[in-house]
Structures are given as C-alpha cells and as structure tokens.
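So the structure is just underneath, and the comments pick up after that.
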Ligand SMILES: Nc1ncnc2c1ncn2[C@@H]1O[C@H](COP(=O)(O)OP(=O)(O)OP(=O)(O)O)[C@@H](O)[C@H]1O
Ligand SMILES: [Mg+2]
C-alpha cells in the first residue's frame, strides 16, 4: 500500500440508514459475549472495528449476516429485521458480502467456479453471464489470468482477492471483512488492502475488523473500539488516534502502535 | 593407463548402481527373476509330491455328480448336478450376500454417520453407543447371535400362522425363513420392465437438458422430482395400465412347512444382517470423519453467499466429504465380501461351503478346490477395487 493520499471523491456518506443494531445482546451459554451493542451505519460509510483479542469483534459482524444468532435486541439490515425467518436471512445474506480471515474458498472448484457458484444457484444467472461478471471482478482484483486454477494453486494474497471477487459477484450492498489480512505474509497484505481501498473509493459500505491502522486512517470515516463485548468508543480516525477518550483505548493503542 | 583400462568395467557397474533410474530397473529385474524361480520351485514341488501319492492336478472331477443338497440355489440344482454347478451355485450365493450386504451397509452406514453428527444430543449418543458396541465385537459372534435369535425366537411355521406372525396374512415370519408371496410375471409385464429402463434413460436425458437450460437461462429445473417420477412413476403407471400383469403365488402351510411363495432363508438373513450391520458401523465412522473433514468455514462461506442449507450440502460439503469417504469405503466393501466366507458357521452354502467344503471333502481335490475359491475371491476383490478406483479418480480433488 502506498503512503500517498488516496482519491476520496467517490466516498460519500449518505443519510440512508443500512444497518441498525439496537440494544443487542449475545451469550455463548453462560458467557455474555456482546453487551448492549448499539450501532447505526449509513450507506457509503467505511467503518473500522478494532479491539483486543476476544473482545467480540468477529461475533458482532457475524451477527449482521446471522452466521451467529443474537438473543436480545434488534438488528435491521436494509430495513429487514433479522429473525428466525429463513427467507429474511437468505435475502439479507444475498445483499451482504463477507470476507473471512482464512479465505474459505471452495477447494474443489476453480477460481472461476468459486465466483459463479452463488450467482448461478442463488440468483439463477445464466452461466455465460455469471462467467462474464466473474471475469470482470477477477480483473478488478487483478487476477483474471488465474481464473482456471484451483485455490490450492494460488498464494494467500491471491486467494483473499479471489474471496473478495467471489463476494462482489453477488453485487452486495454491504461488505463485511473479518481480519482479511491477518493470515497473510507481510508482502501480500498491501495487495489485499489496495483492493479494499478501491472498493471504498467506489462508495461501497464497508465494516472491517482489522488492526491495519494505516488503512483505518486513509479509508475509514469512523473507527470503533470494542472491549469486553462492548463498544467503548467511536470517533473519526484522526480524533480516535490522536485523542482517545477512554483509558482502555489509550492502553490498546499504545500496545498496537508500539508493536 | 593400463591399470585404468582394467578398472573401467568395474567403475561402470558401480556408476550404474549409483544411478537412481538404473538401480530401480536392476532391482526390478532381480525381483522378478527371484519370484519366478520361487514360484517354479513351489509348483514343481507340489506337482511331484502330489504325483508320488497318486493325485494329479486335474479339474475333471468338476463334471462328476456332486451328490449333495444345497438349501438355497439361484440356478437349477439337484444332488445329481455336477460339482461345477455346485460351485456356480456357491459363487452366486456369495455374490448375493456380498451385493445385498454392501448395499445395506452403505445405506445404513451413511444414515448412522449423519445421525451421529446430529445436533440432537440424545440421538448422537445413542448412535455413538450403537456403533461402538457393534464394531467392537467380532463379526463371527454377530453372525452366530443373529442366527441363533432367528432360529430360536421365531415360531415354527405352524405357530407362525396360528400366533399371527404374519403381515396382512400373506407373508409369514418363521424359523424356517421369511415367506413372501412370489411374483410370477405374465408376458405383459415386459412393458413395465421396459418402462423402468425408459424411465432411467429419461431421467438421464432430463438431467442433461436441465443443465443446458440452467446454463442458458439460469432457471433451475426440479431434476430430483422429475427423476423420481420417471424412474418410479412411469413403470407404476404402465403396470396399472397393462392391468397388473403379475400372478402372485402365496405361501401356504402344508404339514410342517410352507409351500409356494418365496422364502428368505434364516441362514441368508442372519449372514446378511450381521455382515451389513457390522460393516455399517465402520462406514458410519468413515462418513462422520468425511463430513467433519470439511471445515465449518466452508459451510459459513456458502451461507454468507446466500446459498441455502440443502444447496450447501449438495454443492460444497458432499463433494468434498466424498473424497475422504471413498478410499476407506473400498476396503470396507472388500472386508464385507471376504467376511462372507464365515457363511459356513451358520450353514449358508457359499463358495467356501460348496466347492471349498463338501466337494473338497468328497473328492479329496484340495489343490484344485482351493485354487477355484482363491480365484473367485481375487476376482471379486479386484473388481471392487477397480470400480472404486475409477470412481475415486472421477471425484478427486485437484490441488497444488
Ligand atoms: N462458538 C463459541 N462458543 C463459545 N465461546 C465463543 C465462541 N466463539 C467465540 N467465543 C468467545 O467469544 C469471545 C469473543 O470472540 P470473538 O471471536 O468475537 O473475538 P474477537 O474480538 O474477534 O477476537 P480476535 O481478535 O481474536 O479474533 C471470545 O472470548 C471467544 O472465546
Ligand atoms: Mg475475530
């Protein structure tokens, strides 16, 4: 990732609310993982979530596409409330893309088939159109020449970019990232972050769990700090890094910045 | 100079021995030569020894009358038939147990393996206990146990009728076997058989068609239900339309046993049930392992893309699980087939009990009989292996 400033003209936050989390609680058995989480996300926002290990960051964003169930409170995505209604869940998952720490590509399918699987079986797109679209997004993440290889034949950075392309093929309105670069070797991190920056510049609504503070400064319009299952503090990146409010945030920042 | 020339051939040999490819070839040649001489020595030894005690190596006895009865035969057989016919009857009986057992074991094994992973805690525990009990007792004990239970706990044919061990009054469970009505097809029944095969062909064609339609328009056609309708629905319809062209012969009690109908003998039932339950417990573990080997991340990734639960199973989990399940499945099939030779314990007349047992004792032709039995098992095993290897190659994962 270059240190030069990036073009932010395409990043516009509208006042249309796309995600609304109200008084959300979650337990794993006895363990209270998420405590009274409140969060409103507008279209076009780029939010970075950070916090110590085990603070519940993954759990929170996984609640947004219901890979995890919450037990109390409400989550609304695009105005649809997440309940046990399977139809709503599928509808929301179609609109919300997710990128995982360990890529989770399908090893038995080629890169191209990874990208066309969901469009073909969920959106019922004709194969040719799905492949054209997949090639379009694979070009965007700069690996169109790998389309016919299997995931096992790619480097980590390439695999993560395929995973991003695979999500984009469903034309999601929101993208969730759960530590997309933390399983990568240092020299591959920037190629993935560059892809994410490009996405942000096109106005994608993004929630990203990451400890890449350079990325947060450049791209995020809001940084959220979580600890012990709670949102402790949220602010604009400049304010957040230079003038943290709570003691816990200061401690956390001193730890990761000294690292 | 002169001394160097002298050592040259030796050096060459040494170099040849150091070369990786050349060494491999040399070792193979030596091995084959050794094997050849060993086999030759064994065979010539056996032939001379047999000749000294007055026995040649000849299969002429196969065409002499066998002189013993077999209680279950799939082809025409009486005690005046030849030893060869007896061998074929035994071979078919082995084949029947192996094929029925493999089908049953696979179906039960897959169901148990999936249930074992059920989120329902009680179900998981029950299946776990069952699997552990079944697979940790030798299969011979299971065969004897099941046979004993069938023989001693089921009523005699007479009591079966009087005590109501029947199903709808036409099938009877007794210690002489499970008697069912026997279907005797009339000529018009051919139409139903043809309809069945047409149904299969139709299902295959429809599958291809559905693929094409999906590729072209994206529309997903109900392949599963159309296939069911074609393969089952069509023959049933034809059967009804052609006026039920089957005459049933019902089992009836005459004296101490049933006549008419069609009997599944207790020996066959015991052997097949015990073998398939035993093997199914191993298959269940393979299936469980195969499904667990597909990481949870795969399911999550599919779900996150909006792919439904059943499609995730069909498109993501099963294709990956199968490649873990198939190789050990092959050895379970081989085990079941070979274990079927325990048939002799309950008097089921398989290949070992016929040609390898009674025929052998009556004719004294140990070498010949054992050669036949050995070749039969070898052929079965090679066939199973070949088929499974072919299938495994088809679904194999391509990786770096
Ligand atoms: N399936 C589960 N069952 C029980 N506890 C869980 C489960 N998944 C997570 N937890 C616990 O919930 C807490 C929050 O987990 P989470 O994965 O959300 O943390 P995180 O903030 O993403 O941490 P990290 O930075 O290490 O990824 C942790 O204490 C974890 O041990
Ligand atoms: Mg996490």
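Cβ atoms here come from the backbone N, Cα and C positions, even for glycine.
Looking at B:62-82, B:167-187, B:188-208, the range annotated in TrEMBL as transmembrane segment turns out to be B:188-208. Long-range contacts of the transmembrane segment (B:188-208) within the same chain: residues 221, 223, 226-227, 230-235, 237-239, 242-243, 245-246, each at least 6 residues beyond the stretch ends and with a Cβ under 8 Å from a Cβ of the stretch. Residues 61, 66, 68, 70-72, 83, 86-87, 89-91, 93-94, 97, 139-140, 143-144, 147, 265, 267-268, 270-271, 366, 369-370, 372-373, 376-377 of the same chain sit 6 or more residues outside the transmembrane segment (B:342-360) yet have a Cβ under 8 Å from a Cβ within it. Taking Cβ pairs closer than 8 Å, the transmembrane segment (B:86-115) reaches residues 62, 66, 68, 70, 72-75, 77, 123-124, 127, 130-131, 268, 271-273, 275-277, 279-288, 290-291, 329, 332-333, 336-337, 340-341, 343, 348-356, 358-359, 372, 376, 380 in its own chain, all 6 or more past its ends.
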